[in-house]
Amino acid sequence: MSSLNAESTAYRSALDVVRTVEPRVADAIAAELADQRASLKLIASENYASPAVLLAMGNWFSDKYAEGTIGRRFYAGCRNVDTVEAIAAEHARELFGAPHAYVQPHSGIDANLVAFWAILADRVEAPALRKAQARQVNDLTEEDWFALRRELGNQRMLGMSLDAGGHLTHGFRPNISGKMFDQRSYGTDPATGLIDYAALRQTAKEFKPLVLVGGYSAYPRKVNFRILREIADEVGATFMVDMAHFAGLVAGKVFTGDFDPVPYAHIVTTTTHKSLRGPRGGLVLCQPELADQVDRGCPMVLGGPLPHVMAAKAVALAEARQPTFADYAQRIVDNAQALAEGLLRRGVRLVTGGTDNHLVLIDTTGFGLTGRQAEQALLDAGIVTNRNSIPQDPNGAWYTSGIRIGTPALTTRGLGTAQMDETADLINTVLSQTKPGVGPDGAPSKAKYVLDPALADRIAKQADELLAGFPLYPSVDLG
Ligand code: PLP
């Protein structure tokens with residue numbers, strides 16, 4: 001039986017089983033595949049996992065509790081969970097050249113929480129225990145425990161500002177990290193849009209953070225992690241990198257030397273579902289001195305592990321160790337650069353004037369639009385993107401003045417640089433034909449816009465034609 005038939009048979013059978021219990025869910029699953037096949041997906045944080053990854057998730061591992069870590073569980077009967085967790089961790093270590101890997105985090109946020117609390121346990125809790133000659137927190141007096149809790153809540157973090165492309169989990173108030181840490185941000189040089197390493201060093205020297213965070217979700221350039229580690233060492237900070245967005249480029253050896261965070265950071269976190277192309281989830285890599293603290297992630301901040309997702313992570317990490325993945329990673333960047341060049345040639349304003357990675361940030365003020373207006377207009381034309389702040393954004397974090405576009409998903413689908421130029425043309429046509437709208441009182445609106453529906457339909461048709469040559473999940477036929 002060919003692989004096409006095996007995958008189609010697997011999915012048809014699975015949906016038939018679901019349909020016997022709740023047909024609406026089976027229909028929604030099938031409809032989701034149809035929607036994904038039909039959309040020009042330029043969301044920088046999304047991808048398409050392989051059928052092997054997806055199938056590894058739908059099984060009886062989901063039924064198992066396995067709190068603890070490999071070989072040290074709070075539940076009996078975990079030998080098969082131990083097997084998949086060990087395989088996933090081994091692939092992660094080998095893929096990234098890291099001394100230790102922890103593959104339990106359920107998401108990127110969870111991976112960051114594991115990292116933050118591993119750092120706090122190492123830098124704050126362990127010295128307090130030593131000082132009190134206590135083996136563990138339960139041995140502390142009420143007074144020492146109170147003092148330790150106050151100390152844990154009184155630490156500093158330095159991370160990239162949100163409008164420069166940092167992430168909410170890097171110490172911002174709406175997220176738990178901002179409630180845990182006293183946070184200060186570093187940003188980019190207004191003239192170039194690039195990280196201002198001299199200003200960062202100065203801020204670090206003044207602020208003296210316990211944790212220096214590198215990594216981003218909307219910065220279109222390489223980051224020099226050697227310099228960040230030097231700065232961390234100068235001020236006695238633990239250096240953490242959140243490579244959630246660009247882990248695939250590290251895995252595929254597009255980012256090497258100073259641009260590979262793994263040799264430089266004390267601790268690295270990532271999601272597994274963005275450019276890495278695995279299941280939804282997270283993982284943590286670290287130096288040996290933090291390994292014990294990281295392995296306490298469950299039950300420290302995580303609930304029971306998701307063994308079915310760890311199985312899928314193992315499959316995805318095995319895929320990323322294949323030579324073809326390096327080729328995929330390079331094509332992601334080639335495509336992003338072709339998309340950027342196509343936009344620039346058409347006069348579109350880009351933050352930093354281009355890209356070194358998988359994402360491009362369009363400055364929508366060049367079209368007289370907010371990010372929100374641009375995002376919705378593109379959606380009307382079948383182009384799925386998301387709005388994003390740009391440095392010194394005049395429209396705030398809700399309406400924004402940017403559109404973030406990324407190439408991991410379309411690259412998985414097989415689109416190449418020629419199609420990126422066509423994509424740039426579609427985007428430019430929509431945005432240049434969209435006009436800002438007015439609210440009910442006639443005042444300018446940051447949300448309303450005017451786009452001729454006939455034009456939107458024409459672009460959506462062109463997007464369909466572009467995608468038709470690159471079928472998504474070609475081996476899956478749901479009938
Ligand atoms: N870290 C960064 C840099 C991200 O971009 C994201 C998600 O967008 C996360 C963490 C959070 O990941 P998750 O949604 O899996 O919790």
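Cβ from N, Cα, C; glycine included.
According to TrEMBL, the (6S)-5,6,7,8-tetrahydrofolate binding site annotation covers Leu162, Gly166, His167, Leu168. Counting only same-chain residues six or more apart in sequence, the Cβ atoms lying under 8 angstroms from the Cβ of Leu168 ((6S)-5,6,7,8-tetrahydrofolate binding site) belong to Leu162, Pro174, Asn175, Ser177.
According to TrEMBL, the feature domain 'Serine hydroxymethyltransferase-like' maps to 20-121 (among others). Across all of the domain 'Serine hydroxymethyltransferase-like' (20-121), the predicted model scores a mean pLDDT of 97.
The domain 'Serine hydroxymethyltransferase-like' annotation in TrEMBL covers 154-427 (among others).
DSSP assigns Lys274 (N6-(pyridoxal phosphate)lysine) to coil in the three-state reduction, placing it in neither a helix nor a strand. What TrEMBL lists as N6-(pyridoxal phosphate)lysine is Lys274.
Note: His273 (site 'Plays an important role in substrate specificity') has non-local neighbours Glu46, Asn47, Ala49, Pro279, Arg280, Gly281, i.e. same-chain residues 6+ apart with C-beta under 8 A of its own C-beta. Residues annotated as site 'Plays an important role in substrate specificity' in TrEMBL: His273.
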Let's check the environment of Gly166 ((6S)-5,6,7,8-tetrahydrofolate binding site): how many other CB atoms sit within 10 Å of its CB?
25
Does His167 ((6S)-5,6,7,8-tetrahydrofolate binding site) have same-chain partners at least 6 apart in sequence with Cβ under 8 Å from its own Cβ, and which are they?
Gly159, Met160, Gly215, Tyr216, Ser217, Asp242, Ala244
At the level of the C-alpha atoms, what whole-angstrom distance separates Lys274 (N6-(pyridoxal phosphate)lysine) and Gly166 ((6S)-5,6,7,8-tetrahydrofolate binding site)?
16
Just how many other Cβ atoms lie inside 10 Å of the Cβ on Lys274 (N6-(pyridoxal phosphate)lysine)?
26
For ligand 1, list the recorded positions among His167, His273, Lys274 whose CB atom is within a distance below 6 Å of it, in sequence order.
His167
Can you list the residues of the same chain, besides Leu162, Gly166, His167, Leu168, whose Cβ falls within 8 Å of the (6S)-5,6,7,8-tetrahydrofolate site's Cβ centroid?
Gly159, Met160, Ser161, Gly165, Thr169, His170, Phe172, Tyr216, Ser217
